[in-house]
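If you look up TrEMBL, you'll see A:210-418 marked as domain 'Membrane transport protein MMPL'. Residues annotated as transmembrane segment in TrEMBL: A:248-267, A:274-295, A:338-357, A:369-389, A:419-438, A:629-650, A:656-674, A:681-701, A:707-727, A:734-752.
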Amino acid sequence: MANKLAILWALVVLAVGIHQVQFWRSASLDTDVLALLPEDEQAPEVDAATRKLADEAGRQLVLLVGAKDWPSAQKAADEATRVLTESSDLLEPAVVDTSTLEQAVDFYRPYRDRLLTPAQRKWLAHATPEELGGTALMKLYQPAGAQLTDWNADPLGLWQDWWQARAAETSARPRDGRMWLSGEEREWVLLMWKSKVSAFALGDGSRVTATVERARAKVEASVPGGRLVAAGVPLYAEAAAAQASWEMSTIGFGSLAAVLILVWLTFRSLRPILLVGVSLTLGCAVALTVTALVFDRVHLLTLVFGSSLVGVAEDYGFHYFAARQGKAPSERGPVMRALLPGMVLALVTSVVAYLALGVAPFPGLRQMAVFSAAGLTAAFLTVVCWFPSLDTGALPITPFAERFSASITRWPRIASTPAWWLSGAVVTVLVAVGIWKLEPRDDLRQLQGAPANLISDQRELGRLLGLPSPAQFFLVQGDNDEQVLAREAVLKTKLDALVSEKVFAGYRAVSDWLPSEAQQREDSALSARAEAHAVAAVSESTGEAPTRAAFSPEPLTPKQFLAGPAAAVIRQQWLGTLGKAQYSVLMLRGLNDPKVLPRLEEVAQGLEGVRWVDKTAEISGLLSRYRRIMGGLIVAGYFAVLLTLVARFGRQAWRAWVPSVLGTLLTLAIFGWAGAPLQLFTVLGLVLLLGMGVDYGIFLLEHPGDGSAWLAVALAGVSTLLSFGLLGLSATPALRSFGLAMLLGEVTIWILTPCFRLPPGKATH
Amino acid sequence: MKPFLVLMLSLLSLSAHAADLVKDVRARLVDAPLVRGQFEQKKTVQGFKKPLVSKGDFLLARDQGVLWNTRTPFASTLTLTRKSLSAQQATGGAAYHLDSTKEPALAAVNELLFALLSGDVAALQKRFTVEGALVGDKGWKLDLTPTDAGLARVFKHIHLEGDGYVRQVQLDETRGDSSVITFEQLAQTPPPDATEAERLGK
């Protein structure tokens, strides 16, 4: 029977091995923070919009090079460009092809008469014939200026203004053959480059980042007061990949080394090291395979989190070797059978706890849950199926193990004495005050592990360039294109009022580039009337008979527009058909003050088909909701665990239960005293603690007075502590907070559990 | 950021690079912080058989801007400062105003216009290939070809003639229209009066 199981498990391991080879050959790893975010089941169109906006800039690199004055800024830009050009295998300048614009102007030309800005509409509707004629004459007689059309195709010079309004979507302007802007006490040159390499290739090093840093150093060295501000997905992706691989090796190898050293110290034998090593390796390999099969792509953070698995998965091996030490090789089977009930119970509570992490609808968390549950189970199966067959030699008790096993008798044990009651009261007060001081915080930042300099560069760039925000936007819905465009127009009139109040800088909407048919008809009539007056006045004044040019009798349709050269600029905001409806996104520029967000939210109220989307607030709300749900789950979980323990240990069950409850409360209190915020990820750490903390109690109750159980618990505690302690070093705030909660909880539970052990001579069953 | 927007902007702007300097022309020009005088402009516009002729007076104040007052065939004023461009018809009614905080390229337009009207060869060299010749004892001619793509979209050529002052400017636009502006009665006085100073201060 045991042999059959061993062979079966070997076959599974073989299959996993084959999959692993394939997996690492075509590593489909995710570094995108968005992939960690929950999908919005109620509103798939919001997701589609968010992802489309994020995809847009996959390989783009935007740089601003600034200095105190314009000549220095130009010099700095030259220096930066030279450095960037040196890395031509990595980067290429974003091509600026003059024909594109001319094509766009030509494309729009037949529809010139029906493209008006709101200000023009207002003016044309109220202007007197004298005013229109006068303006036409003034513009006609003005010394030369930039003209996009012949005079008779635009007698009032409206076309130029329309393009200028489109150009207002960025604050950069051409100057001396460069893109220039002025702000924050500097003159800036805008440079745009593209990464030629995939941003998500792991192990490729941070080559784009290094190049940008060289350019930054060059700018700062060669121009006094010179500055380079850079942003782009490639930089974020490289930072994420570099961080993850560093953390994986720190946490993974750090805890592996610690575990192996502990095994060596305790058993002074190579066999336990090899076997525990095998159980850990198989645990991780199976975890990765299962995750890859279930989720298709594996996120980098899953691997980082998974690295801490080493510290938990070795528990089973420890228990086996601690119990088997000093016994005859022939007793391996009975030893394993004696351990099995406790180990199964411990595995079940841990796996259930890990899977509970996956209750929250974050794909990233679900991956971590599946990864850990699978890894733990595989390590357990390896121990149960293989260890008795492979571990054939003798394993004498080492002096270290003996001394340590004996130490349990000297560990304090609670009793009904005044000293214990007093310490209990003090702890109660400290815990109560600490928990009262605890402050929840649910902002999105806990998910972003990006280096602070990248984030501040991104903000500065957004501020200077007036780039639209991808996190807040209006989603406009309609039954057809025309309705979407018309609803956008209604929304825009409301937004224009806020723009003129300087609540935010402006917006970018599809209907600015493609007005609805109704709007086009209206504008065409408006400009025809006004320009007739203009032509008449000029005709009278000059004695000649110019005629107004003819325009397309048909409106510009969405189909034509999307196929045309002008659509590129706005295409990602036109979502097209999702389900039964049509959608577009209206983006906002210059949204720097979060305090104005409620006013924007108000705008959408009462407008049919318009929805205000605030991804930041939405995710924060979600984090907060799940923090509370998981909090409730912990309370329920502790009662469920208590019932399970009572079923097995009867009236002594509290001895395994109370240390975990206390550990959880103390951890919360320490967070409170330290001023660390309570986040979803802190709570998730506590969920896991619920599953793993009782393990120690279970083993001490299963084998009361057994020094070897204490030894196994101690080893397990130290290694778990190490791996989660290392997770506390992670640069991702979520993982750090999770790791710290686990670390504090584990330490307190580990110290407390032996205090609640059975008095000598008592047994639970 | 889209290359498309960038292109669009370069179309709308007037800015450019440099070429060789004609030192002698500079030596012949009067270095005046203020120039005023009369102008006559003949503009050839597609769709109009005869040139459109307008006359008036102008004031050029270095570092402040240009006042361009058309008297015939109708009265209107054009004010170009670093901050804004505004035009007004004397009869009231028609008017328009551009703000340089919204359109920063205006400063560059002002700079170019000033350079053209005052014959600032050094400034022009940044934006044009400058070719030229001296004429007689005092005169000179300059042919300017834009070196910058943005400027080249507006002007094919600019031709300047003068002596101590710029006497004639010919603007050949890329789209085919052209203007010949001749200046007369040029002087460095009187300084701006109250109304003019107010317009320049805008």
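Just so you know, glycine gets a Cβ as well, placed from its N, Cα and C.
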Proximity verdict for the transmembrane segment (A:338-357) and the transmembrane segment (A:656-674), three or more C-beta pairs under 8 Å: no
Annotated stretches the transmembrane segment (A:629-650) and the transmembrane segment (A:707-727) touching (3 or more Cβ pairs under 8 Å): no
Result, the transmembrane segment (A:274-295) in contact with the transmembrane segment (A:707-727) (3+ CB pairs under 8 Å): no
Mean of pLDDT values spanning the domain 'Membrane transport protein MMPL' (A:210-418): 86
Chain residues outside the transmembrane segment (A:734-752) and at least six past its termini with a C-beta under 8 angstroms from it: 301, 304-305, 308, 446-447, 449, 658-660, 662-664, 666-667, 670-671, 676, 679-686, 688-689, 692-693, 696, 713-714, 717, 720-721, 724-728
